[in-house]
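Chemist: Below, the features straight out of Swiss-Prot:
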type	residues	note
DOMAIN	29-272	domain 'Radical SAM core'
BINDING	Cys43, Cys47, Cys50	[4Fe-4S] cluster binding site
Amino acid sequence: MKRLVSKIDKSVNFVNTTLGTECRYVRRNDKYISAYLSSHNGCKMACKFCWLTATNQTNFRHVSIEEYANQLDTVLSHGKEIDGENSRIVRVNINLMSRGEALANKNLVNNYDKFHKELQYIINKYDYSEMKMNVSTIMPKVVEHKKLIDIFGDRPVNIYYSLYSTNESFRKKWIPNSMRYEIALRKLREFQKETDNTIAFHFAVIEDENDNLSDVQSMAEIIRSMNFSKTKFNLVRFNPHPSMSNYKEPSVEKLEKIYEILQSVCNDETIKTNRSRIVPRIGQDVLASCGMFVDNDL
């Protein structure tokens with residue numbers, strides 16, 4: 001196990017060189033820990049913005065429920081060293097946002113109840129106050145035949161949909177293995193009606209690719225038309241792999257304009273915490289920021 005500690009913000013990237021997974025400890029404030037867990041050892045979803053795609057790390061071994069729990073144990077063992085008895089007032093955000101695609105992990109999809117119980121056990125083991133489950137997904141084609149309620153049941157979960165764009169040419173180029181956005185949005189709306197869960201849209205903005213303001217406005221109107229009861233938008237930062245030097249994030253001014261357009265259709269006034277935002281980068285020096293992963297040879 002390699003332990004990469006950020007000199008920027010004390011984020012820690014735990015790299016299991018035997019299993020090929022990464023789990024991350026991130027602390028944005030004292031109130032909660034963000035534990036980023038891997039769902040696979042690589043990824044074959046072929047998302048163009050992802051470092052796994054750029055470095056051809058396409059092995060797709062499904063992380064077991066035990067491995068998920070072990071990853072969380074690793075992160076919280078580190079967290080407990082810092083928090084001590086104060087852990088009782090600290091929330092743990094479990095973010096399935098590291099390696100792989102959570103909704104393509106057969107162990108999670110077929111036995112979410114057991115998965116949830118095992119991770120809750122680890123939370124209790126370290127005496128943390130509560131667990132919040134956040135699942136990032138491109139809504140892959142492999143679960144197009146499934147209802148989200150059949151996967152998650154009545155267990156609490158927050159879906160973070162990596163929509164990126166409703167422009168089909170962009171989607172074919174950048175997220176080729178995602179289901180059509182129309183299908184994904186219907187599934188998410190149906191899931192929200194059944195659970196009253198917040199639906200979050202989170203994605204990066206890439207200059208000259210998905211930053212056209214007219215396209216963003218169109219995407220916003222499509223989302224508005226779905227009548228989601230509780231939504232939020234997180235614009236995460238684009239961190240292109242060095243081999244993608246011809247792509248970059250637009251200016252901060254452009255990013256803020258895009259955020260304003262999206263926020264105009266957002267119903268997050270009903271959300272008491274963790275509102276829409278432009279998400280700051282974390283742990284870049286240990287490859288812990290969005291879309292970044294260690295190379296095969298580390």
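Every residue number used here counts from 1 along the chain in the order it is shown.
Even glycines carry a Cβ here, placed using N, Cα and C.
Situate these features within the shown structure.
Modeler: Other Cβ atoms within 10 Å of the Cβ of Cys47 ([4Fe-4S] cluster binding site), summed over all protein chains shown, number 20.
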Chemist: On the 0 to 100 pLDDT scale, where does the domain 'Radical SAM core' (29-272) sit on average?
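Modeler: The average pLDDT of the model in the domain 'Radical SAM core' (29-272) works out to 96.
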Chemist: Ten-angstrom check, please: count other Cβ atoms within 10 Å of the Cβ of Cys50 ([4Fe-4S] cluster binding site), all chains counted.
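Modeler: So the number of other Cβ atoms within 10 Å of Cys50 ([4Fe-4S] cluster binding site) is 23.
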Chemist: With the [4Fe-4S] cluster site defined by Cys43, Cys47, Cys50, which remaining residues of that chain have Cβ atoms positioned within 8 Å of the Cβ centroid?
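Modeler: Everything else in range on the chain: Met45, Ala46, Lys48, Phe49, Trp51, Leu52, Thr53, Glu101, Gly291.
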Chemist: Under 8 Å between C-beta atoms and at least six apart in sequence, can you list the same-chain neighbours of Cys43 ([4Fe-4S] cluster binding site), or say none if there are none?
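Modeler: Long-range Cβ contacts: Cys50, Leu52, Thr53, Gln57, Thr58, Phe60, Arg99, Gly100, Glu101.
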